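This report refers to the structure that appears directly beneath it.
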Amino acid sequence: PSGTWLLYLPCTWSIGLAAEPGCLPNWHMLSLFGVGAVLMRGAGCTINDMWDRDYDKKVVRTASRPLAAGDISTFQSFVFLGGQLSLALCVLLCLNYYSIVLGAASLSLVITYPLMKRITYWPQLILGLTFNWGALLGWSAIKGSCEWSVCLPLYLAGVMWTLVYDTIYAHQDKRDDIIIGVKSTALQFKEDTKQWLSGFSLAMLLSLCMAGMNCNQTFPYYSAVAAIGAHLAHQIYTLDIDKPEDCWKKFASNRTVGVLLFIGIVLGNL
């Protein structure tokens with residue numbers, strides 16, 4: 001479930017930051033967005049597998065996926081996708097009008113992201129723009145609109161975070177990617193990966209500080225940001241980009257980054 005967590009956590013940050021000082025986050029919204037994250041991450045996986053069914057057959061790690069393996073037809077996957085998106089729409093319709101429009105706007109990113117690895121060496125950037133939409137949507141669901149001085153730095157922090165963890169993830173598949181002709185930041189950065197990841201991490205931390213200052217966050221929040229900095233530094237320093245199992249371990253550890261920030265936001269509010 002790592003991908004679901006990484007989609008859900010930016011929503012929790014935004015909902016947490018939108019809470020009134022001295023108050024816990026809105027648990028109803030946290031639950032609603034949790035259901036939405038499961039559904040939309042699932043829909044994203046279905047769309048990805050539909051676009052990539054021919055590629056997935058050629059990669060050992062993905063050859064057993066239902067479409068690639070021929071266990072289900074393209075038509076069946078369309079029907080399943082329709083069910084996922086219909087349920088996700090039900091969740092979206094529980095929000096205010098501003099958030100419904102804002103949430104619907106993300107669908108174009110969800111649909112087109114899987115194509116990006118055929119076009120650009122920066123598909124991880126498009127994934128970041130897609131996966132962190134909840135950093136905008138969570139705030140608007142609570143407040144009725146976005147406070148851009150908070151939401152945009154938070155969104156940018158999430159995008160930078162995605163560039164870190166998904167570049168690490170992409171290093172698992174780089175040999176297969178070269179063979180089948182798809183692109184990634186792992187192939188773009190090569191041996192310079194750690195320098196790039198360090199730059200993205202610094203941009204993430206600065207953006208989080210800016211978001212915190214613009215909504216008057218307190219000491220626990222900045223303590224959490226410092227802990228995230230330490231976690232990312234350790235993650236990057238010890239990363240072995242040529243060992244897929246180490247890349248997976250480092251990728252999965254990013255759930256801790258998201259949870260640390262959420263805890264910092266909650267304690268900062270209180």
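We count from 1, first residue shown onward.
Cβ from N, Cα, C; glycine included.
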Query raised in the report: Under TrEMBL, which of the candidate ranges 35-52, 71-88, 251-268 is annotated transmembrane segment?
Result: 251-268
Query raised in the report: Looking at the ranges 125-142, 215-232, which is given as transmembrane segment in TrEMBL?
Result: 125-142
